Structures are given as C-alpha cells and as structure tokens.
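> Attaching a single structure in structure tokens format; questions to follow.
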Amino acid sequence: MIFPSRDFKVLSGFSSDLEARGVLCSPEPGTPQGRAMLTFMASDSEEEVCDERTSLMSAESPPPRCCQEARQGLEDGENAAQWRSQDSEEDLDDADRYVCSGVPGQPLGLEEELTLKYGAKHVIMLFVPVTLCMIVVVATIKSVRFYTEKNGQLPYGAGREQSLQPAISLSIYTPFTEDTPSVGQRLLNSVLNTLIMISVIVAMTIFLVVLYKYRCYKFIHGWLIMSSLMLLFLFTYIYLGEVLKTYNVAMDYPTLFLTVWNFGAVGMVCIHWKGPLVLQQAYLIMISALMALVFIKYLPEWSAWVILGAISVYDLVAVLCPKGPLRMLVETAQERNEPIFPALIYSSAMVWTVGMAKLDPSSQGALQLPYDPEMEEDSYDSFGEPSYPEVFEPPLPGSPEGELEEEEERGVKLGLGDFIFYSVLVGKAAATGSGDWNTTLACFVAILIGLCLTLLLLAVFKKALPALPISITFGLIFYFSTDNLVRPFMDTLASHQLYI
Amino acid sequence: MTAAVFFGCAFIAFGPALALYIFTIATEPLRVIFLIIGAFFWLVSLLFSSLFWFMARTITDNKDGPIQKYLLILGVLVSVLIQEMFRFMYYKLLKKASEGLKSINPDETAPSMRLLAYVSGLGFGIMSGVFAFVNTLSDSLGPGTVGIHGDSPQFFLNSAFMTLVIILLHVFWGIIFFDGCEKKKWSALLVVLLTHLLVSALTFISPHYGINLVSTYIIMVLMGIWAFFVAGGSCRSLKFCLLCQDKDFLLFNQRSR
C-alpha cells in the first residue's frame with residue numbers, strides 16, 4: 001500500500017479542503033499475506049488548522065498576497081511546523097495549505113513549485129528501494145541455485161530441516177500439486193491453490209481488522225514482532241547458509257551465531273523501536289527480499305503467476321470498495337486519529353531541522369543531521385511504536401523558544417507487501433525465463449512505470465490507492481509477451497549479429 | 001571469456017552511457033523519470049516489432065530456408081520504423097506534458113524540450129543497448145573459447161563496440177528528431193529514419209566487422225556533429241569550452257576564490 005505521509009500533490013491546481021494524511025496497513029510477512037494499499041486520508045485536525053490559517057489569511061484573499069504570505073511562511077518555516085509539533089505526528093503539511101486555497105484558476109507559484117519538486121523526488125525515493133529489493137532478489141536467484149530448485153531436489157546438508165519448514169508451511173496453502181500430466185489439470189490446480197491462498201489472506205486481513213477494531217494492540221504487536229523475529233533470524237540463517245554453500249565459503253558456528261544474532265537484534269531494534277532512517281529502510285528492504293525469495297522458492301510455478309494476478313485484484317477491491325477490509329481499517333484509524341500499524345511500512349520521509357532566520361542564522365537552510373530526538377520520533381512514528389499514545393509527543397523539546405524547528409519533509413510510504421510482490425514477479429521472471437535477462441529487465445521497467453503511474457494517480461485522487469494492480473498488470477503483460485514474443489526475436493537477431 | 005572479457009566489454013558498451021547517466025541525469029529526479037519512460041517506450045516498440053515478426057513467421061508456417069532470412073531482414077526494417085514511430089509518440093507525449101506543466105506553473109523551469117530530447121534519446125539508447133547486449137555479456141562470463149568453429153574470435157569486442165555506437169546514435173538521433181519536430185523540419189525526421197535504417201542494414205553484412213563498425217562510427221560522428229549544432233552549440237562555444245574559458249568555468253573559478 002502506498003500513501004504519502006504528507007500532502008503529496010503533483011500538478012494540483014489548488015489545495016482541496018482535505019488534508020493528506022498517511023495511513024498504513026500492511027500485513028506482516030510471517031503470514032503469507034502481501035497486498036498493498038495506497039492510503040491517503042483526510043485528517044480531522046482540519047478545524048484547528050482553519051483557525052490558524054484564517055488568522056494568517058482568509059480564504060478569499062487575493063492570490064498575490066496569499067502567495068507572498070505563503071512564501072513568507074515557508075521561508076520562516078514555522079507556523080506549520082510549530083503546531084504540527086503539538087499535534088499528531090501525522091499532521092498535515094500545512095505549508096501548502098497556506099497557499100491560495102479556494103482561489104481557483106490563479107497561478108499558485110510557490111505551492112506548485114514545491115509540490116512538483118516534491119512529486120518527482122518522492123517518485124525517485126520509491127524507485128530506489130524498489131530497485132534495490134529487486135536487485136537483491138534477482139542477484140540471489142541468479143547465483144544461488146537453492147531458490148530455483150524445486151522442493152524435491154533439496155540439497156544435502158544441514159539446511160534441509162530448516163528449509164523444509166517453510167516448504168511445509170507454504171504447501172499447506174498450496175496443496176494442489178502441479179505435477180499433473182495435462183495442462184488443463186495443472187491450470188485447475190493452480191487456480192485452486194490461488195483460491196486457497198487468497199482466502200487465507202482475506203481471513204487474516206479480516207482478523208487483523210477485527211483485532212484493530214477491538215483495540216487488541218498488544219496482540220497485534222506481538223504478532224508483528226513474532227513474524228519479524230522469524231524473518232530476521234530464521235530466514236536470514238537459511239539465506240546465509242545457502243549463499244555460503246554456493247560460494248563454498250566455510251564459516252564456523254560461533255561466527256555464524258554472532259553474525260546472525262547481531263543482524264537480527266539490530267534489525268528488531270531498528271524496525272520496532274528507534275534507529276537511523278537509512279538503517280530502517282535497509283532492513284525493511286532486506287526482509288522484503290527474504291520474504292520474496294521464500295515465495296519464489298515455495299510457490300509452485302503456475303500458482304505463483306495466478307496468485308500475483310489474483311492478489312492485485314484483491315488489493316484493488318480491498319482498498320477501493322466501501323466494504324473492503326483495508327478501507328475499513330483506514331476509516332477506523334481515521335476515526336481514532338491515529339496511525340495504523342506503523343511497523344512494516346517503508347517510509348521515504350526525511351526529517352530536517354531548519355533554523356529560523358531570526359534566531360539561528362548559522363543553521364539556515366540546514367540539511368544537517370537532525371536533532372536526534374526529533375528524528376527518532378519521526379522514524380518511530382513511521383515504524384512501529386508499540387504504544388500509540390506516545391506517538392503524539394511533541395517532538396521538539398525546545399519548541400517554546402522556537403529556536404530549532406522541525407520541518408518534516410513530505411514523504412511517501414509504501415507497504416512492504418508491495419515490495420514483496422514486485423520482487424516476486426521480477427524474481428520469477430529471472431528464475432523461469434530460461435536464463436534470459438531481457439525478460440527480467442522488461443518486467444523491471446514495467447513495474448517502475450506502473451509505480452510511476454500509481455504515484456501520479458495518488459497525486460490526482462488524493463486518497464488511498466492500491467499500489468499493486470497497475471504495476472503487476474504491466475509486469476505480467478510484459479513478462480508473458482517478452483518471454484514468448486521478444487525473446488525469440490532478440491535471440492535470432494543476436495545469433496545473426498543484427499542490430500535494430 | 002571470463003571476467004576480463006566480461007568487464008572489458010561491459011565497460012566498453014555501457015561506460016559512456018553510465019557516465020552520461022551519472023553526470024547529467026542521476027541528480028535530477030524528473031530526468032530519471034523521463035529516462036525510464038523513454039526506455040519503456042522503446043520496450044513497447046520492441047514488443048510490437050516482435051509481434052509483427054512472430055505473426056509473419058506463423059503466416060509462413062516456420063519453413064526453414066532463405067525465407068526466414070528475408071523475414072528477419074523485413075523484421076529488422078519494420079522494427080526500425082516502429083522505433084522511430086514510438087520516438088515520435090514520445091515526443092508528442094512530452095510536448096503535452098510540458099505544456100501542461102507550463103500552464104500550471106509559468107515560473108518554474110520545467111525541463112526544456114532540448115533536455116528532454118537528450119534524456120529520451122539516452123533512454124532509448126540504454127534500453128536498446130541493454131537488450132541487445134546483456135545476454136551476450138552474461139554468456140561471456142562463463143567458460144568457453146570464442147570462434148572455435150571458425151567464427152571471428154572478436155565476437156564480444158565487436159558486439160560491445162556496436163552496442164556503444166548504437167547507444168550514442170540513439171542519443172544523437174533523439175536530439176535531432178525532437179528538434180526537427182519542434183521546428184517542423186520533416187527532412188530531419190526523414191534523415192534520422194534513413195540513417196537508422198542504414199545502420200541496421202549495415203549489420204546485415206555481419207561477418208565483415210571492419211566495414212560495418214567503421215562506417216557506423218563515421219555515421220555516429222556525423223550525427224554527433226549535427227546534434228551538437230542543433231542543440232545550440234557552435235564552434236566558438238566549443239573553443240571556449242576546450243580552452244576552459246567558458247562562462248561557467250570562469251564564474252566557478254571566481255567563486256572559489
């Protein structure tokens with residue numbers, strides 16, 4: 001699921017009255033649900049904002065003045081930041097609320113500049129992690145044989161027991177074998193597998209929504225912690241084992257234990273508590289890649305493709321239909337005015353501390369390392385603060401003086417389910433495309449374009465949107481067409497050394 | 001074969017493109033997006049060309065013999081046509097997009113059409129080069145002896161240089177093409193199409209690498225010079241640039257003092 005943590009407007013003529021507020025809901029990787037949703041929802045703190053805003057300028061004020069005031073406001077960089085710090089972490093980017101709201105048809109200058117700049121930058125901020133995740137998955141698939149071997153050909157060695165566990169757990173979800181003689185039977189089996197998988201996912205999501213509705217936060221957090229424990233320790237151990245086997249590197253158990261323990265412990269701390277943003281992002285990318293590798297290995301071939309298709313349809317339905325579970329989740333969170341499940345969402349937001357011109361000229365335009373408490377506040381807001389009330393602490397200890405102001409960069413958040421399924425698609429293209437790199441690259445470009453379009457739609461519609469459908473559709477189309485049409489053509493050209 | 005050939009050929013083929021990307025495109029998010037969209041357009045054009053070739057092959061029932069070679073040649077020529085068509089469509093899309101951006105925000109400097117021409121050319125070029133060469137590259141990493149059956153042992157080198165020249169040509173073609181569209185000089189479009197056809201046709205004489213490569217490089221240099229002048233360069237500005245006397249360099253020096 002993809003959503004902005006702030007207003008994410010590209011090419012919007014004038015701000016609507018709805019503020020953007022990021023909200024998340026992403027299934028944890030331990031359960032084989034991975035669907036994505038873009039959420040973008042209206043905030044309730046609009047009323048208070050109105051008062052402040054009207055004190056600055058009225059909605060009917062003529063454009064030049066309001067643009068100028070907006071410019072002022074933005075250069076000082078405060079008022080927005082100031083009461084944003086009092087309010088919830090997910091408070092709106094009021095900076096652009098200042099600008100000429102409700103004056104349609106007038107050139108908006110500064111706001112547009114900012115939103116356009118931010119728009120393209122945030123697209124890239126999502127391209128990079130998605131690309132990195134795909135690179136990790138494709139590199140592993142191409143080099144480590146383990147992930148492309150089918151279950152019946154497990155390699156000898158100690159990895160056998162551990163690697164059987166995910167096999168067993170996943171084969172519960174896909175009980176119908178694909179080793180059938182006829183094509184029709186195989187297709188039927190994969191459709192049945194998909195139905196089972198999707199119904200499991202739907203059931204899990206509804207369970208999650210019910211838990212959330214009845215405020216069983218401890219249970220949810222326990223669940224999330226258990227699944228990230230499994231990913232960070234068990235799957236990392238298996239992965240490391242297979243990589244070492246592939247490259248024939250010996251590692252003794254004490255070193256292995258130390259490595260895996262450190263990796264896992266730091267990962268748990270970064271994801272569920274506080275840590276540098278870059279490290280959190282890196283860990284989230286790694287666990288998405290690990291999960292995607294598990295899916296690639298243990299889902300039967302045709303079932304995987306049908307599941308990918310079905311899950312994008314489900315994502316579309318769950319996020320956009322009024323009765324969809326994800327939409328209900330979002331609305332519940334909105335009513336309670338709190339973020340949902342801060343864990344397992346990738347956030348591209350950055351935090352700057354901007355010094356005010358009057359008081360602190362030395363840090364003007366600072367892009368330096370932000371003041372730690374603020375950064376941690378922001379990062380754990382995004383990522384999984386166990387107890388919700390703490391999320392709303394004012395992040396600035398010195399805010400009464402207004403000396404250092406926090407200006408949170410508008411960011412976009414993408415659910416980890418998205419990463420996982422994008423990587424599954426590209427990984428499968430790499431695994432089954434008969435060693436063909438063209439298919440992999442075509443799927444990669446298709447997914448990036450889909451993501452671009454989705455972000456554009458997000459900016460246009462300003463509401464929760466599913467991130468899977470467009471990208472997965474493009475990816476599937478390009479996979480099948482490149483594998484069957486382009487590959488023979490390019491192979492023939494290459495063998496005759498012709499260039500087009 | 002093995003790592004030396006792999007890295008050597010990879011850097012020959014993709015080095016300049018990578019450098020161009022890092023120095024001119026990677027810093028600006030909007031340019032990266034336009035690059036990827038350009039790559040996507042090339043990909044779609046390839047899809048249509050493959051579809052055409054596939055259909056032509058099924059119509060002739062996959063008979064072996066000279067007809068396959070003719071079909072391939074036809075496929076290549078049609079593919080070039082489709083690529084240029086998609087370049088035109090990308091131009092139209094960019095035109096609409098930049099008009100949209102300008103109307104919403106006249107102050108903000110949206111990327112100019114010239115810059116977009118360069119970016120789109122690079123996108124086309126990178127995608128084209130990658131699709132042509134990546135499979136060959138990955139094969140070069142493994143063991144083997146090139147030319148053991150009498151083929152040329154310079155297979156990889158030749159492919160690498162050819163890929164490089166195609167990438168650069170796409171950049172120059174992009175610039176010339178978009179400029180021709182902007183100024184409604186349809187002759188420029190025709191020349192781009194014809195040179196593209198010529199370059200592809202030259203590869204038909206593939207065992208004779210010498211003629212093939214040299215003539216393609218000559219065409220590339222000519223296109224480069226044309227693109228340079230089309231993009232607003234002049235002999236004077238080139239002289240200043242080479243003698244480090246251009247405005248940017250001077251201003252930069254003053255600032256650092």
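Glycine too: its Cβ is placed from the backbone N, Cα and C atoms.
What TrEMBL says about a protein is an automatic prediction, not a curated fact.
Residues or ranges marked as transmembrane segment by TrEMBL: B:6-25, B:32-55, B:67-86, B:115-135, B:155-176, B:188-205, B:211-231.
Tell me what's around each of these sites.
With a threshold of 8 Å between CB atoms, the same-chain residues lying at least 6 positions outside the transmembrane segment (B:6-25) that come near it are 31-32, 35, 118-119, 122, 125-126, 129-130, 133, 137, 140-141, 156-157, 159-161, 163-164, 167-168, 171.
Outside the transmembrane segment (B:67-86), and at least 6 residues removed from its termini, the chain residues within Cβ reach (under 8 Å) are 41-42, 44-46, 48-49, 52-53, 56-57, 60, 124, 128, 177, 189, 192-193, 196-197, 200-201, 204.
Tertiary proximity for the transmembrane segment (B:115-135) is limited to same-chain residues at least six positions away from its ends with a CB under 8 Å from its CB atoms, namely 9, 13-14, 17, 20-21, 24-25, 31, 34-39, 41-43, 46, 83, 87, 90-91, 94, 98, 159-160, 162-164, 166-175, 177-179, 231.
Beyond the ends of the transmembrane segment (B:155-176), by six or more residues, the same chain brings 5, 8-10, 12-17, 20, 87, 114, 117-118, 120-122, 124-126, 128-129, 132-133, 136, 140, 146-147, 188, 191-192, 195-196, 199, 203, 209, 212-213, 216-217, 219-220, 223-224, 226-227, 230-231 to within a C-beta distance below 8 angstroms of the stretch.
Within the chain carrying the transmembrane segment (B:188-205), a Cβ under 8 angstroms from the stretch's Cβ atoms is held by residues 73, 76-77, 79-81, 83-84, 88, 162, 166, 169, 173, 176-177, 179-181, 211-212, 215-216, 219, 223, 230, all 6 or more beyond its ends.
Panel annotation: around the transmembrane segment (B:211-231), residues 114, 117-118, 158, 161-162, 165, 168-169, 171-173, 175-176, 179, 188, 195, 198-199, 202-203, 205, 238 of the same chain, lying at least six beyond its termini, place a Cβ under 8 Å from a Cβ of the stretch.
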